[in-house]
Amino acid sequence: MSDLGEVLMSVLSTIRVPRPGDSVHKEECAFSFASPDSEGGLYVCMNTFLGFGAQFVERHYRRTGQRAFLHIKRTRRPQKEEENGSGAGDPPKKKPTRLAIGIEGGFDVSEQDQYDQEVKVVIFPERLEVTSEDLANMPDVVRERVSLSMAGVLSADSASHNLQVQQWDGEVRQVSKHAADLKQLDNGVKIPPWVSGWRCENCDLRENLWLNLTDGKVFCGRRYFDGSGGNNHALLHYQQTNYPLAVKLGTITPDGADVYSYEEDEMVLDPKLPEHLAHWGIDMMTMEKVCPHCLYSTSVLSLSCVHSACTRHQSCPCPVSALPVLYSDQSCPCPVRDPRFRLRIPTPVDPSLCPTVLTGWTKLGYGLLSGEYSKPAPDPGEDPSVTPEPKGDQVGIAPRMFKALIGRGHPEFSTNRQQDAQEFLLHFINMVERNCRSSDNPTEAYRFLMEERIVCQQSQRVKYTQRVDYILQLPVPMEHATNTEELQEYERRRREAEETLSPPPPAVRAVVPFSVCLAAFSEPETLEEFWSSALQAKSTASKTTRFASFPDHLVIQIKKFTFGLDWVPKKLDVSIDVPDSLDLSALRGAGLQPGEEELPDLAPPPLVTPDVEVKGIPGGFHGNEEDDSLCSPLLFSASAPVLDESTVGQLIEMGFPIEACRKAVYYTGNTGIDSAMNWVMTHMDDPDFSAPLVLPGSSSAPGGTPTSQTTPTESVSEEHLATIISMGFSRDQASRALRATSNVLERAVDWIFSHLDDLDSMDVSEGRSAADSVSEREPPQGPRVRDGPGKYELFAFISHMGSSTMCGHYVCHIKKNDQWVIFNDQKVCASEKPPKDLGYLYFYRRVTE
């Protein structure tokens, strides 16, 4: 015991007690998906409070020298023991009024499942174990410090829990518009107050029952995606009768109940609920809750699968279903396929930066590919020696840390609001590119160039430009549906049903051939307000888009959405016969052809500011991958930018800041109002959106006056330097970014990623001015792309299940060994009839001859 005391005394100075604001990673390893429930438990560093699985704890010790770890091993208690003490059926202490977790009016998540937990301190490298009983015999100073640290770690909310609570902020239910004057029929129906008297009138189901407040009918609820729930009879009853409000039986208490409005398509409040229930013989003041509230069920279930591969609930809309596709293709060059790659990742010094994006990316890839987390879990209470084959559901992967890293600072992906899989995929690609500057970039397999050919209709001269893209977006011309007559007949019958208040007819889905979508993409587009340099005036032009290169892997997005007259996005219910094999060779661009005459390389009339002299623009353009804009032509100029004044004026009239309008026109190369407007919408949330336009490579403020931010001799923070260098940038580049942003780390990171092309062409050193470097630089090289034949085969697709763009559920299908497999939350199984015609994103790989 004296030896243990001496060892603890030697490491006592490194043992900390968690303070408010410290992130305690006690639920998941930083480099794997090991947890306290894993076979080896979890080791929490008692200095940095980072968690490590048994496979990585010694590695952390060797790299940092931290010896004291709190080992947490958790075992779930048998089911019988849980049932005896669970208190199932008890009403909540306070009825939630808000779909939220951990905030006022929301749900209290302090109660957790019952576990047997074993906790001890482990000292490395000897692996000496110190239990709470051992501490009782230690010197007071040792016992007090270690006990406080252990208690602090165990009582602190885990970092993942805090993140989920921060991201989860539901909306307050609104009063239904039908509540005040709800019509209730006098048909003599009375609902018994006991549970045994409740059953669905169509299928005799006794769970998930809903009472229609208009006619007193009781039907079962919706069927969930996994087959559980009800049989949709309550919804079908509404479709037949248009009776809007229903209350869930079993949730009625003196405080209220779950009321759903089918017409408003959301949970609502009914101020007259006691009166409406009394009409059917239900005394609200005597009722007790006998089943979970919908809010509680949705929220608690969402906590358990909030960051799973796909999301089941509308409340947890992280569209990470694209990630299994990216990792599944063996031909995709991805470094995470080498398990040793994880061991080359440096351990971050700052716990708030752990893991880095590269670490999280590699960790997720290894978790998906290794098979370590696809094993069934043993049932609680069973002896593995007696029952060698585990029968429980597989643990799976919940990439909480990964989502937090990818979504950090993003206005949408840092929340749990409904999001789009295509937008998330582009954001993920952008984040990978930012963090692969010093290593192989796997996203190059998806990068390609598009060629745009513009023909001035009056002069017949042409202009060729190229832009970078990662996704081929295909429109859906609904007017070319092959079942137009059926659709028209359905609309006629639907209108008649609305007029006569009869049940609506069965829905008819539009059928549009894939070839029509492809033709709509490739047909010429008319540009009405094109500024022709040959005419020195505005004219009409046609634009044709073709492939300048074919990527190794092609992602196709079917644009199954449109905008109504109220500018609200609507999803198109359409079936498209997407082929298994695709040949796009005919869509390859050929560039300038013999006999074609190019438009002169002249700019529109410049927007001249009083204090800046316009000297023209250099010829040519270079691709710019600034921020999230993956395809922005860039015009370089050593002085003032030459901008299309009319386009700038149109943007200003829309209410945007003048400097933002100037940047939009500049970064889109004077290509018109449409592209400038797209740039504005993409960059509205940028911190420097309204800041003055500063040319790439310029170290001067507007007007030519050097600013103090770019003083070469200004000192920079070594800690901030180390953070930026860890992202793959050189010390000189990191120094320049920090000087340009007054040593503010967040601004420096944004700055450096918005000047990638500029940095690649510069050699800025500590004792050398930026102006010297600008004078010697060469034009930056264009983005690297891979090219090859345009023949592809389908290997995966992602589908969106739901009738609205504002809610729904993503599932993923991947073809493995000539068998389609569906990935739906934790469920992974063979798909006999994959709905390829209903996909949203399609993934093709090149066919090599």
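Keep in mind that glycine also has a Cβ here, set from the backbone N, Cα and C atoms.
Under the heading active site, nucleophile, TrEMBL lists CYS316. TrEMBL lists HIS809 with the feature active site, proton acceptor. Taken from TrEMBL, the feature Zn(2+) binding site covers CYS200, CYS203, CYS220, HIS233. Marked as substrate binding site by TrEMBL: TRP210, ARG222, ARG223, TYR224, PHE225, TYR260, TYR262, ASP265. If you look up TrEMBL, you'll see 489-498, 774-788 marked as compositional bias 'Basic and acidic residues'. Annotated domain 'UBP-type' per TrEMBL: 174-284, in sequence order. According to TrEMBL, the feature domain 'USP' maps to 325-847. Positions annotated as domain 'UBA' by TrEMBL: 642-683, 715-755.
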Mean predicted confidence [pLDDT] for the domain 'UBA' (642-683): 80
Helix-strand-coil residue split for the domain 'UBA' (715-755), DSSP-based: 27 helix, 0 strand, 14 coil
Neighbouring C-beta atoms (10 Å sphere around the C-beta of TYR262 (substrate binding site)): 20
Other same-chain residues whose Cβ falls within 8 Å of the Cβ centroid of CYS200, CYS203, CYS220, HIS233, the recorded Zn(2+) site, in sequence order: GLU201, ASN202, ASP204, LEU205, LEU209, PHE219, GLY230, ASN231, ALA234
Fewest-neighbour residue among binding-site residues, criterion Cβ within 10 Å, set TRP210, TYR260: TYR260
Spatial neighbours of TRP210 (substrate binding site) among the binding-site residues CYS200, CYS203, CYS220 [C-alpha, 10 Å]: CYS200, CYS220
Nearest of the recorded positions (CYS200, CYS203, HIS233, HIS809) to ARG222 (substrate binding site) - Cα to Cα: HIS233
Within the compositional bias 'Basic and acidic residues' (489-498), residues counted as helix, strand or coil by DSSP: 10 helix, 0 strand, 0 coil
Tally of residues which DSSP labels helix, strand or coil - the domain 'UBA' (642-683): 30 helix, 0 strand, 12 coil
C-alpha spacing of ARG223 (substrate binding site) relative to CYS203 (Zn(2+) binding site), in angstrom: 13
